[in-house]
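Novice: Straight from TrEMBL, here's the annotation block:
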type	residues	note
DOMAIN	6-153	domain 'Lactate/malate dehydrogenase N-terminal'
BINDING	GLY12, ALA13, ALA14, GLY15, GLN16, ILE17, GLY18, ASP43, ASN106, VAL130, ALA131, ASN132	NAD(+) binding site
BINDING	ARG93, ARG99, ASN132, ARG163	substrate binding site
DOMAIN	157-327	domain 'Lactate/malate dehydrogenase C-terminal'
ACT_SITE	HIS188	active site, proton acceptor
Amino acid sequence: MAKEPVRVLVTGAAGQIGYALVPMIARGVMLGADQPVILHMLDIPPAAEALNGVKMELVDAAFPLLKGVVATTDVVEACTGVNVAVMVGGFPRKEGMERKDVMSKNVSIYKSQASALEQHAAPNCKVLVVANPANTNALILKEFAPSIPAKNITCLTRLDHNRALGQISEKLNVQVSDVKNVIIWGNHSSTQYPDVNHATVTTPSGEKPVRELVKDDAWLNGEFITTVQQRGAAIIKARKLSSALSAASAACDHIRDWVLGTPEGTWVSMGVYSDGSYNAPAGVIYSFPVTCKNGEWTIVQGLAIDEFSRKKLDSTGAELTEEKELAYSCLS
């Protein structure tokens, strides 16, 4: 029996990431090759014409799984009945802007979108925030949509997770699909901590720890971390545009694993509402290693944290606490 279509909202849909993301969703990359979808695309009025152009292309692509497209600049229409919301739209930091200015713009955007989602989305809607500052935008959304369960509001650190997998794969000259269980801790910013202490590689003679195979702690504790932390800036330098293809792909990975589950023995990184696990600050959106089953994520517990890692977890946590205070000051 054919499945009922799932309604997926993409905000900022006429932008770069949106343009890369909507065909992936329509092709079944996000929710599976047998799951029909109805796309809800939202953007701001100045982008209305471009948004309509994206809708025309979606029609022209004749995706078998795509059962309908809503393209609108009206936030209520966009949020009505959605089961999954991918929040790509936000106010980007421009040259000469202070962090507080960017935060203030995003606080007002996420405050209004939170109330529209709360009032009009389907019950149990799953929310993924992509727009930066992603962790704090997700926290604002949570604060202003109190009836959406906190566990349903997440932010994207899967892009950083995938970047870490990619760097290890390149370094060891192995298939990226053979590398697993890296962790991104904390904030989706340059203070994030890409951790390989529990990561493994599948080799012909079984699973081996990444550290054992790389045999270069200086690289793993230095250049590897900074490469992952600053990969976004490196792509902007190369393309003169920010990561779109990889961000869209990571958003699909994040939702797919959340909805359909993570493979046995594998965890992924998601920015989720912190309960204070691993002595991370509670009450912020913090990236943890998680497993997913039956549409629910669970933080992986009991992993050993060495002294080097502890400092990194604390430092990114401190930044998130500071961002939270800055965001709250924009509300007063």
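Including glycine, each Cβ sits where the backbone N, Cα and C put it.
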Novice: As a quick check of your reading of DSSP, tell me how many residues in the domain 'Lactate/malate dehydrogenase N-terminal' (6-153) are helical, how many are strand and how many are coil.
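Specialist: The counts are 68 helix, 28 strand, 52 coil.
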Novice: Which site among ARG93, ARG99, ARG163, HIS188 has the most other CB atoms no more than 10 Å from its CB, taking these as recorded positions?
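Specialist: That would be HIS188, with the most Cβ atoms nearby.
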Novice: If you average pLDDT over the domain 'Lactate/malate dehydrogenase N-terminal' (6-153), what do you get?
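Specialist: Summarising the domain 'Lactate/malate dehydrogenase N-terminal' (6-153) by its mean pLDDT gives 95.
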Novice: In angstrom units, rounded to an integer, how far apart are the Cα atoms of GLY12 (NAD(+) binding site) and ARG163 (substrate binding site)?
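Specialist: Between the Cα atoms of GLY12 (NAD(+) binding site) and ARG163 (substrate binding site), the distance comes to 23 Å.
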Novice: Could you give the Cα-Cα distance between ASN106 (NAD(+) binding site) and HIS188 (active site, proton acceptor), in whole Å?
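Specialist: Just about 16 Å between their Cα atoms.
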Novice: Among GLN16, ASN106, ASN132, the binding-site residues in question, whose Cβ has the most other Cβ atoms within 10 Å in this structure?
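Specialist: Of the binding-site residues GLN16, ASN106, ASN132, the most buried by Cβ count within 10 Å is ASN106.
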Novice: Count the Cβ atoms, other than its own, that fall within 10 Å of the Cβ of GLY12 (NAD(+) binding site), considering every protein chain shown.
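Specialist: Taking every protein chain into account, the count is 25.
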Novice: With every protein chain in view, how many other Cβ atoms are within 10 Å of the Cβ of ALA14 (NAD(+) binding site)?
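Specialist: 25, counting other Cβ atoms within 10 Å of ALA14 (NAD(+) binding site).
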